[in-house]
2 protein chains.
Amino acid sequence: MAKQKKQPRPKAITPKGFRDYFGHEVTERAEMLQTIAGVYHRYGFDALESSAVETVEALGKFLPDVDRPNEGVFAWQEEDESWLALRYDLTAPLARVYAQYRNDLPTPYRRYAMGPVWRNEKPGPGRFRQFYQCDADTVGAPSVAADAEICAMLSDTLEAVGIARGDYVVRVNNRKVLNGVLEAMGVADDGQQAAVLRTIDKFDKVGEAGVRELLGKGRLDASGAYIDGVGLAEEQAEPVIAFLTSKGADAEATLANLRAAVGESAVGAEGVAELEQIAALLAAQGYGPDQIEIDPSVVRGLGYYTGPVFEAELTFEITDEKGRPRQFGSVAGGGRYDDLVKRFTGQAVPATGVSIGVDRLLAALREKGRVQSAERGPVVVTVMDRDRMPEYQTMVAELRQAGIRAEVYLGNPKNFGNQLKYADKRQSPVAVIEGSDEAARGVIQIKDLVLGAQIAENATLEEWKERPSQFEVPRSELVAKVRDILKAQS
Amino acid sequence: MAKQKKQPRPKAITPKGFRDYFGHEVTERAEMLQTIAGVYHRYGFDALESSAVETVEALGKFLPDVDRPNEGVFAWQEEDESWLALRYDLTAPLARVYAQYRNDLPTPYRRYAMGPVWRNEKPGPGRFRQFYQCDADTVGAPSVAADAEICAMLSDTLEAVGIARGDYVVRVNNRKVLNGVLEAMGVADDGQQAAVLRTIDKFDKVGEAGVRELLGKGRLDASGAYIDGVGLAEEQAEPVIAFLTSKGADAEATLANLRAAVGESAVGAEGVAELEQIAALLAAQGYGPDQIEIDPSVVRGLGYYTGPVFEAELTFEITDEKGRPRQFGSVAGGGRYDDLVKRFTGQAVPATGVSIGVDRLLAALREKGRVQSAERGPVVVTVMDRDRMPEYQTMVAELRQAGIRAEVYLGNPKNFGNQLKYADKRQSPVAVIEGSDEAARGVIQIKDLVLGAQIAENATLEEWKERPSQFEVPRSELVAKVRDILKAQS
């Protein structure tokens, strides 16, 4: 009855940078989230679901490389002139929730959260503006036992969802060690510190000599462009080089190298001692270096980490779009951020946690063939005679009551070929047929569509005769026969 | 390292009209959604998850009582000047998805979707601006068998989540019957039609005489204000009255009364015939009037319904905030909307579906005591001796490997009383204690916190002596003893 103003037809498109998920893409993710939640829950973590919407001021500006206001988030102004925005991660909302409810929550507060987050960034291939995160954090626990627990839980989680031991490694580093290195170098200026950190991140690409050049006068890069250096003296580079090459044969060796790299720095020594404790706690629980290891190359991008940092990397190779082999790379990361709640309350509250990139992890499992790439469709009861619809509905009701996924064909039943095409598109395992002739005789036809397809593809005439894919059974045997066929298919 | 500009502390508040969900509030909803998805899936419906964000033009303007642009939705402008918005339901995105992918999707397309939707409305008590919906729709099936299937599935779903037969009813009506009544009345003007529908909605309050007045000259309401009438002639009211009082002892009687009410109207007769078919299909599958019934009083608010409409109502009484008994009311609704996809493609595509208000349904189950109102916390291993942390971590690892939820206390361990208070706040069933004395003797203390609390509350000294709530066992019996205690508690 409501009047609709005449207007041009809207375009049926997913907004740029967003996507839709169909069928098994949705159910597989749901199953993975459930498995992860199961591990988190067993570790004593409680669920938290905050709203997708936060005030802009509560979210703060913690996205990397974002300077302009509201850049990076989707925000809008309310009628009362306040600004609201979609959350860009699950950590900022946790800090808000903890500050808000701290008198009611247990201390320490272990919580997990899972759900979509939104980033107002330029979309790229495989890079979307809405994606899932699955986080676990402990707020109010200053002890590095909390960090070790997160690492152990991350390892357990990856194995629980189907990443085999040897196919991943959780790498642990400590921000304080980095700060110790900067202190040992005698670099106190914020800008210079940031430049040194950026240089460390390039070690993989440019090697030791390249890092020395970049910390000093600069260097010509592969394209022939000259990159300005940080302008440090030659000997100032030594602690960085020692740090970058500190990874030893085992945790003990690595820790000894790190101790040398931080020299006299107190904060550096504290960082190394923390790593030592984490290593001891994890070793006591039986986690080996094939699961969790100390690795000084981990430099997490976000500015708010203050202590241990972790990263879970998948170590197997995949083939990229151009057919080249490459490592799958990072699927989770986190660390200690003791200052995030302080923004709200003025009091420092220790916190540590991890965030799993659910969609990347799911992509990795698909790569390894650990999740099925398509799901079996429902049994389709075809419609030969529109007037017998109540009987067809009764058939599917019987199948469902037996726990079998089933449906009646609800399109135009005139063309029977269309019904079988539909069953094919749905990847139906079985079709049920009952025309008036069958009805009169009290029987039904049951078609094994999987076997039928195999026979159609491969069989000789002999085989085709020997292995019928269609069976006539009494109506009363519907459920039993369908169950037999499904069993034989699986 | 990143510099933070100095700014006033942000307020730690949930934005107005939003809320946070903790612990079992989250897990209970997740379990309910999983149960519902299980039923939908068994009926052959496939999962779909579209993004939370849509273009404003794709969403269209279908919210009731909303005239101003962007009123009712959260919307913002992109850099390219286009407008995006958060979805306000799951039906508008389905229409967009179907129009976009119609060549790849099976026809009919049965899909289910679950997730939050957002409404930019004035929040009120129990009324939030983000809430969950759980929808199932069939697109491309013109047959009322599709509508009957939705009704059957809705009934099955309510029973699957724990609403007992007798505590709910799925009511079915048909928009075409209403249109037939309007035709029989001789009311063709859009404005008059809308006024008649509004009057029908008031039948519950004003009764037959009131409806007659409102359709005619108007009436004085209870507050003494004069409400203008629609201005129809007296005899024009007859079909409406016949319609409103058409509910008979059974479906047959109701259908006969409806047939009389629509008189000569062709569309009305079609509507009654459709209801008749739906009733026959459902009766054939064994659904009784205690589950699904024809009820002419169902008038769904949304403007886009074109055929059968459904509403699931919980029929038991609850006590409202003021202590008065009232019916719980509607938890799900839907119907046939054959014109929604047409907005995009220009071609009418038949569609029908239902949306369950998940949060309301969950509230109803809590009301009935069908979901637990709190969950059991983890076993807490206390910290008597900080240096023994690796051993405590090993204990919880053993418990978790046995499938028992467990954690080490990670706060400051100095004050043992705080550790037990923490265990209490977590609703922990068991605490494990191992000081240096116990460690030397190879034993641990295990405290049954549930029994301990019961004894503290009720027991005499005798009972207290007879039923100890703390047990000393060898370290090797940790898992076995904890398991025994948990079993005895449940």
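Backbone N, Cα and C atoms are what each Cβ position is placed from, and that goes for glycine too.
As annotated by TrEMBL, domain 'Aminoacyl-transfer RNA synthetases class-II family profile' applies to B:1-390. Residues or ranges marked as L-histidine binding site by TrEMBL: B:D89, B:L90, B:T91, B:R119, B:Q133, B:D137, B:R300, B:Y304, B:Y305.
Here the features listed in TrEMBL are painted onto the structure.
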| residue | record | Cβ contacts under 8 Å, 6 or more apart |
| --- | --- | --- |
| B:T91 | L-histidine binding site | B:D135, B:D137, B:Y337, B:L340, B:G353, B:S355 |
| B:Q133 | L-histidine binding site | B:D89, B:L90, B:A113, B:M114, B:G115, B:P116, B:V117, B:S355, B:I356, B:G357, B:V358 |
| B:Y305 | L-histidine binding site | B:R175, B:G335, B:R336, B:Y337 |
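In the three-state DSSP classification, B:T91 (L-histidine binding site) falls within a helix. Around the Cβ of B:D89 (L-histidine binding site), 18 further Cβ atoms fall within 10 Å across all displayed protein chains.
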